[in-house]
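Undergrad: Sharing a structure here in structure tokens format.
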């Protein structure tokens, strides 16, 4: 009798690390994208929390007029924000070691750039991690594609727009009131409400909410009865069960009679594709709109487009919006400009001597 002994190859430390990183048995999947995602998102989150609580005022406009954004400097949850990096820094890469001191770095809004750049890297890696986990499990890749919409939107307001405008000081502040301020100034300078891509984004977000509510209510209203009146309808579903938990034929029949036959999906797969694609495409277009307006390709201008036979202007809603835009324009960054650009661009009437 001959015994054959095989020597088991010992896996290297690197090999075990690779197996652990790419294992789908972990409670939370890490993946190669996660190796970069975890430190970048932890850094962005940590600095955000510290700066939101304790960062000193920032000279956002580069005119020696610091703006307070943290809780310890007089703000609350609504008014507080991470103030964007100073206009004096512009688009320069501004890590801590580029400043003469930490005080100077804080005064010039260094934390904003640190948070934004780490955050964008982190969410991009999160998207890659979604694809990676789908790939490992043999799933289709559309979860990551759907997530690309909010990633594109965040990249547009935090990176593309500052690049187009020439300074990180024009990026969106990281706070509630700061977000509203960004929206108001964006409307004043770019007339975003009159941009078709923003309109598509509104249709995507509101339409997505409507379709989500319609789908959820239709499914909930056509559940197959599995319980008595004395227990929750949710008890009628067991995780992983093979049979349908609702009657799609009944839901299709109801909605087809409520609207008309062809307004109702009779294919569950095409229905769920539509529910995913509608808001995603809308938000893609909004991100594209922000990215084009970043380089001053602005919304439609229909100002003073209707005149009477005497040449007098008959105001339309476009003129009302324009008047609001001018008001917002003259009020923002009020000490940074000698005269607002939009008003200064108007041709001065000639005076006959």
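Positions of Cβ are set from backbone N, Cα and C atoms, glycine also.
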Undergrad: For the feature transmembrane segment as recorded in Swiss-Prot, pick the matching range from 11-28, 29-46.
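TA: Range annotated as transmembrane segment by Swiss-Prot: 29-46.
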Undergrad: Please identify the range among 175-196, 197-218, 219-240, 241-262 that Swiss-Prot labels transmembrane segment.
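TA: Transmembrane segment, as annotated by Swiss-Prot, spans 197-218.
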Undergrad: According to Swiss-Prot, which stretch among 79-93, 94-108, 274-288 corresponds to the feature transmembrane segment?
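TA: Residues 274-288 are the ones Swiss-Prot records as transmembrane segment.
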Undergrad: Look up transmembrane segment in Swiss-Prot and report which of 54-69, 118-133 it refers to.
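TA: The range carrying the transmembrane segment annotation in Swiss-Prot is 118-133.
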Undergrad: Quick one: of the recorded positions 118, 189, 190, 215, which has its CA closest to the CA of residue 264 (quinone binding site)?
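TA: Among 118, 189, 190, 215, 215.
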Undergrad: With a 10 Å radius around each C-beta, find which of these binding-site residues (170, 189, 333) has the fewest other C-beta atoms nearby.
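TA: 333, out of the binding-site residues 170, 189, 333, has the fewest neighbouring Cβ atoms within 10 Å.
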Undergrad: Near residue 161 (site 'Tyrosine radical intermediate'), which of the binding-site residues 170, 189, 332 can be found within 10 Å, Cα to Cα?
TA: 170
Undergrad: Which are the residues of the chain, 215, 264, 265 excluded, whose CB is within 8 A of where the CB atoms of the quinone site average out, their centroid?
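TA: Apart from 215, 264, 265, the close residues are 214, 218, 251, 252, 255, 271.
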Undergrad: Report, as numbers and ranges, which residues of the same chain sit near the transmembrane segment (118-133): CB under 8 Å and 6 or more residues beyond its ends.
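TA: Tertiary neighbours of the transmembrane segment (118-133) are 24, 29, 31-34, 36-37, 40-41, 43-44, 47, 139, 141, 143-144, 147-148, 150-151, 154-155, 158-159.
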